[in-house]
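Undergrad: Here's a structure for you.
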């Protein structure tokens, strides 16, 4: 009942009557109300505080103040943690050396987040799985650590040491003036000001639900320079880009995304209580239900749970678009696209035919963050390190770690199957269609099986579920990895590059350092680099 959750809500109680009427927890009501307010403010921000009408300073101040107000309304004094985390990290950036600044900042920022998660879970309210103050801190952690790595790349590395995405994201005001950074200039003069830093971390568009974006993109949005490169790249379908361009309107994109939000919310509220995941571990259900029906029920229960995330992330994306942020260019028909910071692709998720494809389209900005700060930089077993970092970032519930450990096994097994079995089904379209149907069903079952502990949170209930399935997919993954050989991604890429060089061909899709070109989730950065 809503009245039972009032005590756990740390924010304003102004909407308590509405919470009791609709029988939803007050913290969730506050969250939705603040997001609706942020949507209205985003429209006002784009129209009345347009870069052509006001200065970047005013836009930074207003965005920060509005974000602070929303944080106070939702989380009360707990929102001070946002400022403490940001302040500590900014101090580390300013006063530590360039060579290790990004590492120290990463440790301090992630450590403070984990400390807050430990106190929230094990000291105050274990099992509170709703809106809480550590949610925004997770997004702020992504932004701070991303900025630290981008500053480090911009001030300590040459362009040849960076891949195209890192080269575009690198932060260095002196970089365009001289190929080598000037030595005597102090670090605090070559990094964002405190106002710009707080605006980036705590602006009203992303303070509650993100999504994460790069600092360069956010700065271009504030200064009003984010449209010009994309106009020059492809001006309404005209490749020369010489015609006069008007700033594209986000109206259609916002309406479309709000419609998606309404449908997702309706589906979630209609099905979440009819198909609870907890039923999958009910003794009577397990003993009286055939196994194939248990599999179907688990898939439907997870299918009913996902619209909650679709609603939150799509709404957050619509807020940013309404403010004029998120324009990624034009499609081949000349229609504007507003998916630069989108966090998911719903159809690609629901019809994913591989474990990797599902993950690439789910929580996209978090996947990119994990890739940029961990996977691309970890010298030893980057896959396992990335899953471990993801578990630590999500929180301290044991279920998170069970999910991501299982995810490592699933990823390795899926990679082995794709490497050894998929080529045999590419001989014809009909064989490929059969393969896609089979892999779609396997992917949905594997995802549902993997994320059960993520939903149940506790060790006991999670292991109870896996025991009821006899750990079958765990054992199958281990068997597949042991039986089917698969080359490491880096070794396979090196052999492909060597083979192309022997044939006298230019390796397409390979970087000079032998790394595979980035996936479609990084296409935005590649387009920006070409445009700039």
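Glycine too: its Cβ is placed from the backbone N, Cα and C atoms.
Pulled these from TrEMBL:
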TRANSMEM  29-49  transmembrane segment
TRANSMEM  61-81  transmembrane segment
TRANSMEM  101-123  transmembrane segment
TRANSMEM  399-417  transmembrane segment
TRANSMEM  437-456  transmembrane segment
TRANSMEM  468-486  transmembrane segment
REGION    513-532  region 'Disordered'
COMPBIAS  517-526  compositional bias 'Polar residues'
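Where in this structure would I find these features, and how exposed are they?
TA: Panel annotation: around the transmembrane segment (61-81), residues 10-12, 27, 30-31, 34, 37-38, 41, 45, 49, 112, 116, 131-133, 136-137, 195, 198-199, 202-208, 222 of the same chain, lying at least six beyond its termini, place a Cβ under 8 Å from a Cβ of the stretch.
Note on the transmembrane segment (101-123): residues 81, 84-85, 88-89, 92-93, 132-134, 137-138, 141, 144-145, 148-149, 151-152, 187, 373, 392-393, 395-397 of its chain, located 6 or more positions outside it, place their CB under 8 angstroms from a CB of the stretch.
Panel annotation: around the transmembrane segment (437-456), residues 277-278, 280-281, 295, 298-299, 301-302, 305, 351-355, 357-358, 394, 398-400, 402-403, 406-407, 410, 414, 462, 465-466, 469, 473 of the same chain, lying at least six beyond its termini, place a Cβ under 8 Å from a Cβ of the stretch.
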